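**Q** Have a look at this one.
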């Protein structure tokens, strides 16, 4: 793909996201979502491989259905209340349809089926965009309508997402699919808290974006698409492999690392809302995710493969590590000590 085309698509993505997050009117928000969808499609299908074309088709169909539901929801609300303002979504049916539409756009269970397949058919850099930037506009819409949404429905979807994200990621061997199920699991944590503390859901999204970007860019610089390649990566880039180990453990939410902060705050908030059983269930379900993160971490730090592999011997490379990878990895590991400052800013 030539640089001019890439520039056009990147600008369109930026413009679509900006229109959605800054709009007050439903039609403008819908327009931004459509621009985003059309801008990402060429980036998914740029390799012209049948798998990539299939991924782009699935993505288009799901996003088009979700956009139609967003429009239908806003029109139903306008019909009953006379309001097109995003924050004035008050009709119960409209709220229900909007929750389903946003869940479809994000890949929340039970509308998660498309996400692992699309991610598997996309390059790692496009996968990064799909897992982070493309989720920002729908999360913003949830944030703006959070006071109108049904907490029971969102809690059910959140627990289902965390459970399915954990269970289905257990037997995967492709790194992109593992990261897709990781994303579904994290979305569960955001969905469960959005009605009680929207700012906390946004903080969770920002930190998730930070850690996922670090993981994707590290895997991209190591050219790793499956676990068998990851097992031989230590001999090639030991420092990067060690950093990947810490980033994955941070994604899992282990205490001394950044990923522990949002989980800790969400559990605290749920307990304040007298939802201790829910907090216990979602915490236990996150142990499933911890298992496949540990699997990835174990594969990335095997110093000697336990069996004869078909891969050629990988020697050390003197290629310098990308600065963005270094910064993102550092942030995704070391932000926990400054959590009081982060909470003050919020």
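Quick reminder: no glycine exception, Cβ is built from N, Cα and C everywhere.
Okay, so TrEMBL annotates it like this:
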{"type": "DOMAIN", "residues": "23-288", "note": "domain 'NADH:quinone oxidoreductase/Mrp antiporter transmembrane'"}
{"type": "DOMAIN", "residues": "290-343", "note": "domain 'NADH dehydrogenase subunit 2 C-terminal'"}
{"type": "TRANSMEM", "residues": "56-76", "note": "transmembrane segment"}
{"type": "TRANSMEM", "residues": "96-115", "note": "transmembrane segment"}
{"type": "TRANSMEM", "residues": "152-171", "note": "transmembrane segment"}
{"type": "TRANSMEM", "residues": "178-196", "note": "transmembrane segment"}
{"type": "TRANSMEM", "residues": "202-219", "note": "transmembrane segment"}
{"type": "TRANSMEM", "residues": "240-261", "note": "transmembrane segment"}
{"type": "TRANSMEM", "residues": "281-304", "note": "transmembrane segment"}
{"type": "TRANSMEM", "residues": "325-345", "note": "transmembrane segment"}
**Q** Quickly jot the same-chain residues contacting the transmembrane segment (202-219) by Cβ under 8 Å, restricted to those at least six beyond its ends, or write none.
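**A** For the transmembrane segment (202-219), the list is 124-125, 127-128, 131-132, 135-136, 139, 143, 175, 179, 182-183, 186, 189-190, 193, 225, 240, 243-244, 247-248, 250-251, 258-259, 261-262, 265-266, 322, 324-325, 328-329, 331-332, 335, 342, 346.
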**Q** Can you work out which residues elsewhere in the same chain, 6+ from the ends of the transmembrane segment (152-171), have a Cβ less than 8 Å from its Cβ atoms?
**A** 96, 99, 103, 108-110, 112, 116, 177-178, 181-192, 194-195, 275, 278, 281-282, 285-289, 291-292
**Q** For the transmembrane segment (325-345), could you work out the same-chain residues 6 or more beyond its ends whose Cβ comes under 8 Å from its Cβ atoms?
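**A** For the transmembrane segment (325-345), the nonlocal Cβ contacts are 203, 207, 210-211, 213-214, 217-218, 221, 240, 243, 246-247, 250-251, 255-261, 265.
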